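Feature annotations, courtesy of TrEMBL:
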BINDING   His7, His9, Glu94, Asp205  divalent metal cation 1 binding site
BINDING   His132, His157  divalent metal cation 2 binding site
Amino acid sequence: MQFHDAHCHLPINYFYKDIDNFMKQWSDLGLEYVIGVSMKYTEIEKAIELQKKYKQIIPGFGIHPWKVKRNMLEEQINKISNYVATVSPLIFGEIGLDHHFIKKEQYYPLQEEVFSFFLTLSEKNSIPINVHSKGAEERVYELLDSFSIPPSNILIHWYSGPKKMLYKFRDKGVFFSINPSILGGSTHRFVLEEVGLEQLLTESDGNVKYWIKGEKIIGSPAIIPQIIEKIAEVKNLSIDEVSEVLSRNFKEFANIS
């Protein structure tokens, strides 16, 4: 069974330092593609290096809302703009807004400035986006709605917001990622139950740690096959059918023919 990881923090040292061993392990399990998302500029450069080494790795260019800083921002976004023409395939992520973990409202305008920068580049260059929306779901929806980005090029990462906004995003036609928390019976399950298979992707959000059946598990692409099995169970479909649809979804999202 081939599988895909739509959101994994490959540029962090946990993966980056031992990427050869990790990629061998994941490839042996059936990994076809993994999106290596970035949280800050230095990780973007590492993501580019990883893509040059492994064709299965799709780099994610992003500045996470937790990492947004005015210092050197203009220089960094200029470099990112220049990289866009030289890297393919490419995703923008992890990008977005966070009003849950970031409580101080004075940081919100800069979050929106950086998010809007990536949305503008996405619209101009037809680059898919991998979006963080924690606690800011309504504002993220408003900003996405103000740009002409195809819904099939939008992934809402680890959605855990209000059901009202889940339905709005769902009806817009975007993708949602299902991650290992689903294996532990988390509230993330309502996304799987309320969204059709044709709008789902799988992700590990590695190296986030999850408690699954009393055991601490480090997220990585190796756990994706278990997520596919859980999706098949909840949707009452065969694993092969689910795997086939998820593969098609991933390639549609990532602009891979």
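Cβ coordinates are placed from backbone N, Cα and C, and glycine is handled just like the others.
Bear in mind that the values here come from a model prediction, so they are computed numbers and not experimental data.
The binding-site residues listed here (His7, His9, Glu94, Asp205) include Glu94 as those with a Cα within 10 A of the Cα of His132 (divalent metal cation 2 binding site). Set side by side, the binding-site residues Glu94, Asp205 differ in how many other CB atoms lie within 10 angstroms of their CB, and the most is found at Glu94. Same-chain residues with CB within 8 A of the center of the His7, His9, Glu94, Asp205 CB atoms, the divalent metal cation 1 site residues themselves not counted, are Cys8, Val37, Gly60, Gly93, Asn130, His157, Glu203, Ser204, Gly206, Val208. In the three-state DSSP scheme, His9 (divalent metal cation 1 binding site) is classed as coil. On the backbone, the CA of Glu94 (divalent metal cation 1 binding site) and the CA of His157 (divalent metal cation 2 binding site) stand 9 Å apart. The two recorded residues His157 (divalent metal cation 2 binding site) and His7 (divalent metal cation 1 binding site) have their Cα atoms spaced 8 Å from each other. Taking the Cβ of His7 (divalent metal cation 1 binding site) as reference, residues of its chain lying under 8 Å away and at least six apart in sequence are, in sequence order, Ile35, Val37, Gly60, Gly93, Glu94, Asn130, Leu155, His157, Trp158, Ser177, Asn179, Glu203, Ser204, Asp205.
Residues near His9 (divalent metal cation 1 binding site) in space but far in sequence (CB under 8 A, at least 6 apart, same chain), listed by position: Phe15, Gly36, Val37, Ser38, Met39, Glu43, Asp205, Gly206, Asn207.
A 10 Å cutoff on Cβ-Cβ distances gives His132 (divalent metal cation 2 binding site) a total of 25 other Cβ atoms nearby, all chains included. Take the CB of His157 (divalent metal cation 2 binding site) and look out to 10 A: across all protein chains shown you find 24 other CB atoms.
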